[in-house]
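Engineer: One structure, as structure tokens, below. Some questions next.
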Amino acid sequence: MSKYIINGPCRSFGGKVNISGSKNAALPVMAAALLSEDESVLYNVPRLSDTAAMAKIIESLGCGIYRDGKGAVHISASVRRPKKSLDYYLFSRLRASILIMAPCLARFGRTRIPMPGGCKIGARPIDLHLKGFAAMGAKIKQGHGFVEAAAKNGLKGAKIYLDFPSVGATENIMTAACLADGVTTVENAAGEPEIEDLAEFLNGMGAKIEGAGSDTLVITGVPRLHGGSHRIMSDRIEAGTFLTCAAGLGAQLRAENLEVGCLKPLLAKLTEMGLEFETGRDYIELKPCARPAAVDIKTLPYPGFPTDLQAQTMALLTTCDGNGMVVETLFENRFSHIPELCRMGAEIKTEGNAAFIEGVKRLTGAEVKATDLRAGAALVAAALKADGMSVIHDIEHIERGYENFPEKLRSLGGDITAVD
Ligand code: EPZ
């Protein structure tokens, strides 16, 4: 399927939506399962093109992976050493392919992978990952589109300070340190909930990780890890996507099967906009609100406002009452949804990493294109509230990170069809 056709405005949107497992928790956990030659079993792994690509990467290393009849994913890396010839295209499809380095380096003493890819939202260097591996004794080489790390005598515990609380670098270093000889501390570590989920999985395999979720990790290396069993946390970004979409439609929505605490940064902003909701153990119910008030947003590392909800919240701001400002501090090129939103009648001006949004009464349907995962989701939300038909091209970006997206939106009343 390459495009969505959406007819708006949707005046009967609302109801219940079940939130799937988190893409950004599942991908690092799938990679980390390679730390043990025993089988690991993962539950609540979302069916996405990104998790399918990670499965293919794991298979290309010569490891076993399959989804059983109940949907659980079984991974076993009983190989003596991973296959060397790796598929450039496969690795270049997603950023998370870089997370394969940690288990291969820690278990086999070396890893050489094609440089990672992923959403074109910035340069996305990997220097912090490599600095961490080097601090633990690995020799790093880069060239010909590949990156290599080798530690023939194994990794050693080290003191690491991250120049920036990078999510991926924290995950890669934490994973590799589990099998290092000695204690590794990581300061200025990322504290996203997905890091805690990964640490819970690794500790379930026999790792000794303390401080996950804070800015300081202490990992005491162990000689080997046994297989793990883990339920992937819910996708807080999918939940936030549905909540901002419903808010833009003035609709009620009950998002179920989620960790409410992870959404505090978004809920604080929605409250500031005059929106009301009820929260329970594992659900958030948004009350209808005809026209929320505009606010200012600044993206920051967790627990600041998540950059992965920036585009969706901007789509909401396009029809709010008043003017809003969005400052993107994490990525240098994460405004590609703006020209597409303007094609739909949004009033948005940019100055560097700041966008100024003047709330308009209505958007109008148009032909637009998804440029990355979250930008695409923002366009879907805009199209559902716009007058008339919209066509959203290049929806493969969206299908990387949203399980059954059109089906879930249709069940809530959205008029959306995926076509070739
Ligand atoms: C993860 O990407 C997520 N992806 C991203 O979600 C998310 O936007 C990002 O974290 C921030 O929360 C996955 O988990 C698969 P970073 P990651 O390393 O790890 C710089 C989505 O939409 N940096 O925290 O790549 C980097 O350039 C995706 O689901 C370095 O300078 O993010 C960026 O400016 C998009 N050197 C900042 O840190 C490095 O070695 C944050 O990047 C690494 C990162």
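Even glycines carry a Cβ here, placed using N, Cα and C.
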Engineer: Can you tell which of L155, L275, L330, L341 TrEMBL lists as binding UDP-N-acetyl-alpha-D-glucosamine with R95, R124, P125, I126, D127, L128, D308?
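Structural biologist: Between L155, L275, L330, L341, TrEMBL records just one in the UDP-N-acetyl-alpha-D-glucosamine site with R95, R124, P125, I126, D127, L128, D308, namely L330.
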Engineer: Once the DSSP letters are reduced so that anything not helix or strand counts as coil, what is N24 (phosphoenolpyruvate binding site)?
Structural biologist: helix
Engineer: What is the maximum Cα to Cα distance, in Å and rounded to a whole number, among the residues R95, R124, P125, I126, D127, L128, D308, L330 annotated as binding UDP-N-acetyl-alpha-D-glucosamine?
Structural biologist: 22
Engineer: Please give the average pLDDT for the domain 'Enolpyruvate transferase' (14-409) in this predicted model.
Structural biologist: 96
Engineer: Work out the three-state DSSP category of D308 (UDP-N-acetyl-alpha-D-glucosamine binding site).
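Structural biologist: The three-state answer is helix.
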Engineer: Cβ atoms within 10 Å, counted per site: which of C119, L330 has the most, among these recorded positions?
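Structural biologist: Comparing the recorded positions C119, L330, the most crowded Cβ belongs to C119.
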